[in-house]
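In what follows, a structure is listed as structure tokens, so that the remarks can point back to it.
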Amino acid sequence: MVSSQSLSSSDSHIGTMRRVFLGIGYFVQGLRCFPWMAVNFFLKDGLYLEPSTLQILQNSSNLPMVAKPFYGILSDSLYIFHQHRIPYIALGAFLQAVSWLAIAFISPSSISFLTITLYLLLGNLGASIVEVANDAIVAETGKQPTPSSKNSQSSSSGELQSYVWMASSIGGVLGNLVGGLSIDRLSAQTIFLVFGILLTIQFFITIFIRESSLDLPKSPANLGIRKQLSELVVALRKPEISQSIAWFAASYAIIPALTGTMFFYQTRYLKIESSLLGISKVFGQTTMLLWGVVYNRHLKSIPPRKIISAIQATMAFLMISDVLFVKGMYQKMGIPDSLYVMVISGFLEVLYFFKILPFSVLMSKLCPAGCEGSVMAFLMSAVALAFIVSGYLGVALAAYVGVTGDDFSGLPLGLLIQAGFTVLPLYWSSCIPDDASLNTKKKEN
């Protein structure tokens, strides 16, 4: 009896340590919007970049996100000091700290477009490595039963994903709130310095943690990179994995993003103040936090296909709502434009990401043991590419309907076309397995 109680107490302590470690990691990950809000002002007011140049830099700095499968394979196969997750998190935090501290200490008069591009690339490289390692930990430990569920058939997968989702959302809320308040009070480089110091603290916390203290599962074998790559290929050949990822990426890529056009419409045409846009982002991040709570408590037992399809349909519905907004229908009903932007626009901006939580839970169930990092990294790489494609399609759509920085007469048509493309993925949502097919796969294995 005593040994059983001691074992239960030990499991509980390890679980708490793991949650604290992941919570800190995902909180800092969500907090990245804090310095990035200042980046735009720094590039515009400090380097005096043109809007087109600014857009090129923002897209270019996200290129490291596309290489996430490589980081995942490396993390799965190459152990550093007999560990294959913690060292990569420490490395990623170090690269980010170097990036932001370098930008903070370089004189604005001597920094160039090429220099800041390289540092932002370095920072996003570090962020990508951290995200891959953290996502792999969540995927592989989410399969382990919690102490309270060892006597039942339930798993902690949905609980852990919801927990880190909420930690990231809290970071996003705080980052947007503090960033919005700091822009007019602190210089951009002071903001970069603060975030760089925070990343340095995360680095030192990480290097003093051993994976054994978190009871992280090990791969079945310490596979080489080539072997791990072949394992990833085998995993992707499973129809339930490849078709799900293909659908998920396509559901983003097929939507022509008009976020830039809407931003110009809100600020230039409606004269919405920047402070209100900041509040809109905080509202959106708050809904992401609430989504994590609601999903964990009430929705994780619902088949992922139903939830993801419902989110996709809601996105299309709100895009049609945007058509009415642009036509001034809500204003005629007595709803101020500022209120719509703060609530509906803020919610729609983050609704795109709501699908990630249930889909991550699904992937954690489908991933073969030992290549969780590789599969999850491949998924997020596909999503990153999908967003790039979506952005390019949005530029093409804006040109097709004749929307410019000063002429928004074609915007309602563009939003209708956008909503139409958003509905299309629902017709092949059967690519996502339901609970029945998942249970069948488990019995076969």
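Every residue, even glycine, has its Cβ placed from backbone N, Cα and C.
The transmembrane segment feature in TrEMBL is assigned to 20-43 (among others). Residues 49, 54, 57, 89, 93, 100, 116, 120, 127, 130-131, 134, 137-138, 160, 163-165, 167-176, 178-180, 182-183, 188-189, 191-192, 195, 198-199, 202, 205, 209, 214, 278, 281, 285 of the same chain lie 6 or more positions beyond the ends of the transmembrane segment (20-43) yet place their CB under 8 Å from a CB of it.
Residues annotated as transmembrane segment in TrEMBL: 93-122 (among others).
What TrEMBL records for 163-183 (among others) is transmembrane segment. Sequence-remote contacts of a segment are chain residues at least 6 beyond its ends whose Cβ falls under 8 Å from one of its Cβ atoms, and for the transmembrane segment (163-183) they are 19, 22-35, 37-38, 41, 134, 138, 191, 274-275, 278-279, 281-282, 285-286, 288-289, 291-293, 295-296, 357.
Per TrEMBL, transmembrane segment is recorded for 190-209 (among others).
Positions annotated as transmembrane segment by TrEMBL: 245-264 (among others). Same-chain residues lying 6+ beyond the ends of the transmembrane segment (245-264) with a Cβ under 8 Å from its Cβ atoms: 55, 236, 308, 312, 315, 322, 345, 349, 352, 355, 359, 363, 378-379, 382-383, 385-387, 389-391, 393-398, 403, 405, 408, 411, 414-415, 417-418, 421-422, 424-425, 428-429, 431-432.
Annotation comment: TrEMBL describes 276-295 (among others) as transmembrane segment.
Same-chain neighbours of the transmembrane segment (307-326): 248, 251, 255, 262, 265, 295, 299, 337, 340, 344-345, 347-348, 351-352, 354-355, 358-359, 408, 411-412, 415-416, 418-420, 422-423, 425-426, 429, 432, counting only residues six or more beyond its ends whose CB sits under 8 Å from a CB of the stretch. Per TrEMBL, transmembrane segment is recorded for 307-326 (among others).
Counting same-chain residues at least six beyond the ends of the transmembrane segment (338-357), those with a Cβ under 8 angstroms from any Cβ of the stretch are 161-162, 165, 248, 251-252, 259, 262, 266, 270, 272, 276-277, 279-285, 287-288, 291-292, 295, 308, 311-312, 314-315, 318-319, 321-322, 325, 330, 383. Here TrEMBL flags 338-357 (among others) as transmembrane segment.
Annotation comment: TrEMBL describes 377-401 (among others) as transmembrane segment.
For 408-428 (among others), the entry in TrEMBL reads transmembrane segment.
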Output the single range from 93-122, 190-209, 276-295, 408-428 maximising the number of Cβ pairs under 8 Å to the transmembrane segment (377-401).
408-428
Folded-back contacts onto the transmembrane segment (93-122), same chain, C-beta under 8 angstroms, at least six residues removed:
28, 35, 39, 43, 46-47, 49, 53, 57, 60-61, 63-64, 129-130, 189-190, 192-193, 195-197, 199-200, 202-203, 206
